[in-house]
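The structure appears right after this line, and notes come after that.
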Amino acid sequence: MARLTSFLLLLSLICFVPLCLCDKSYGGKLFPGYYAHSCPQVNEIVRSVVAKAVARETRMAASLLRLHFHDCFVQGCDGSLLLDSSGRVATEKNSNPNSKSARGFDVVDQIKAELEKQCPGTVSCADVLTLAARDSSVLTGGPSWVVPLGRRDSRSASLSQSNNNIPAPNNTFQTILSKFNRQGLDITDLVALSGSHTIGFSRCTSFRQRLYNQSGNGSPDMTLEQSFAANLRQRCPKSGGDQILSVLDIISAASFDNSYFKNLIENKGLLNSDQVLFSSNEKSRELVKKYAEDQGEFFEQFAESMIKMGNISPLTGSSGEIRKNCRKINS
């Protein structure tokens with residue numbers, strides 16, 4: 001009997017090991033079942049609100065993905081981007097990368113309101129952003145992934161980090177890669193995550209220099225495919241019209257697929273920060289070619305890189321708080 005008891009104990013320990021490794025692989029205290037008991041319907045609530053928002057406006061999927069990216073690159077994935085200005089907070093919404101372009105905050109508010117009805121004071125705004133990003137991918141035809149949860153919300157924001165950490169449309173390849181490296185992301189993550197530009201739009205002000213004054217000498221970017229450039233000039237005047245939108249992916253702007261990479265190979269990347277992935281570095285060029293040829297490979301890496309990005313410096317344990325309202329810290 002004693003031998004049987006010992007055997008069963010050993011067997012239980014062996015069976016338990018993979019569970020421990022699984023949780024550990026998601027990054028410390030973050031794990032998918034974090035709300036299994038405290039808010040088991042969290043995934044369904046987030047998905048329902050995001051689905052309605054994307055059904056009303058497909059562009060919202062890209063906007064929500066962008067919010068998650070811009071949040072994680074500043075102080076980690078802590079919901080700091082969602083904070084409005086107050087006596088204690090200089091909002092990141094006023095930074096150059098976010099001013100007049102970051103959107104989707106109302107959708108986050110709707111998700112949070114529904115969660116507060118069902119599970120008050122339980123689900124963080126940082127986790128809301130992470131789940132909404134995943135659902136935005138799925139709802140436009142992109143990959144799904146299991147989202148590690150358990151982030152807490154910051155009590156601060158950083159306008160300066162938002163201005164300095166987030167890659168700009170006119171940055172060089174090396175500058176962009178350096179900004180990714182500082183977040184613990186590598187060149188593969190850079191190329192895969194840039195693939196989210198397969199959906200969404202960009203403002204004229206973000207790519208005008210490529211059309212009229214790429215090098216400061218009054219000449220356009222000659223690497224831009226000429227018929228594509230001519231069409232863009234019809235939409236984007238030399239001056240004015242800063243808020244005019246153009247699609248980031250001219251093949252399938254509303255579908256999450258690998259056509260973004262096919263555009264880069266044809267020199268039809270809208271932003272300079274897109275096109276340099278193909279024109280400025282051999283390793284990134286090979287990754288662009290690989291993802292253009294194999295959508296499954298792109299989807300698999302995108303999901304992996306999104307999980308990795310979502311694990312950037314999360315607040316866990318007793319750090320931070322669970323905001324009641326994503327726009328302001330708890331009083």
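Including glycine, each Cβ sits where the backbone N, Cα and C put it.
As recorded in Swiss-Prot:
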- His70: active site, proton acceptor (ACT_SITE)
- Asp71, Val74, Gly76, Asp78, Ser80: Ca(2+) 1 binding site (BINDING)
- Pro167: substrate binding site (BINDING)
- His197: heme b binding site (BINDING)
- Thr198, Asp249, Ser252, Asp257: Ca(2+) 2 binding site (BINDING)
- Cys39-Cys119: disulfide bond (DISULFID)
- Cys72-Cys77: disulfide bond (DISULFID)
- Cys125-Cys326: disulfide bond (DISULFID)
- Cys204-Cys236: disulfide bond (DISULFID)
- Asn170: N-linked glycosylation site (CARBOHYD)
- Asn213: N-linked glycosylation site (CARBOHYD)
- 1-22: signal peptide (SIGNAL)
- Arg66: site 'Transition state stabilizer' (SITE)
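Feature map: Swiss-Prot annotations on the structure.
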residue: Cys39; record: disulfide bond; DSSP class: coil
residue: Gly76; record: Ca(2+) 1 binding site; DSSP class: coil
residue: Asn170; record: N-linked glycosylation site; DSSP class: coil
residue: Cys204; record: disulfide bond; DSSP class: helix
residue: Cys236; record: disulfide bond; DSSP class: coil
residue: Asp249; record: Ca(2+) 2 binding site; DSSP class: coil
residue: Asp257; record: Ca(2+) 2 binding site; DSSP class: coil
residue: Cys326; record: disulfide bond; DSSP class: coil
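Counting Cβ atoms from all protein chains shown, Cys77 (disulfide bond) has 28 others lying within 10 Å of its own Cβ. Once Cβ contacts within 10 Å are tallied over all protein chains shown, the disulfide-bonded residues Cys39, Cys119, Cys236 are led by Cys236. Each of the binding-site residues Asp71, Asp78, Asp249, Asp257 was scored by how many other Cβ atoms lie within 10 Å of its Cβ, and the smallest score goes to Asp257. Those same-chain residues not listed among Thr198, Asp249, Ser252, Asp257 yet with C-beta within 8 angstroms of the centroid of the Ca(2+) 2 site C-beta atoms are Ile199, Ile251, Ala253, Ser255, Phe256, Asn258, Ser259, Tyr260. Excluding the listed site residues Asp71, Val74, Gly76, Asp78, Ser80, the same chain places Cys72, Phe73, Gln75, Cys77, Gly79, Leu81, Ala126, Ser154, Ala157, Ser158, Ser313 with Cβ atoms within 8 Å of the centre of the Ca(2+) 1 site Cβ atoms. Considering only the recorded positions Cys39, Val74, Cys77, Ser80, Cys119, Asp257, the residues lying within 10 A of Cys326 (disulfide bond) on a C-alpha to C-alpha basis are Ser80.
Here Asn213 (N-linked glycosylation site) comes close to Ser219, Pro220: these same-chain residues lie at least six apart in sequence, with C-beta atoms under 8 angstroms from its C-beta. Every protein chain considered, the tally of other Cβ atoms within 10 Å of the Cβ of Pro167 (substrate binding site) stands at 20. In this structure the alpha carbons, written CA, of Gly76 (Ca(2+) 1 binding site) and Asn170 (N-linked glycosylation site) are 23 Å apart. Listed in sequence order, Gln183, Met309, Gly310, Ile312 are the same-chain residues at least 6 apart in sequence whose CB falls under 8 Å from the CB of Cys72 (disulfide bond). DSSP assigns Cys119 (disulfide bond) to coil in the three-state reduction, placing it in neither a helix nor a strand. Taking the C-alpha positions, the distance from Ser80 (Ca(2+) 1 binding site) to Arg66 (site 'Transition state stabilizer') comes to 14 Å. The subset of recorded positions (Cys39, Cys77, Cys125, Pro167, Asn170, His197) lying with their Cα within 10 Å of the Cα of Asp71 (Ca(2+) 1 binding site) consists of Cys77, given in sequence order.
In sequence order, Arg235, Cys236, Pro237, Gly241, Asp242, Gln243, Ile244, Leu245, Ser246 are the residues near Cys204 (disulfide bond), counting only same-chain partners six or more apart with C-beta under 8 A. Pro167 (substrate binding site) has Val74 as its nearest neighbour among the recorded positions Cys39, Val74, Asp78, Cys125, Asp249, going by CA to CA distance.
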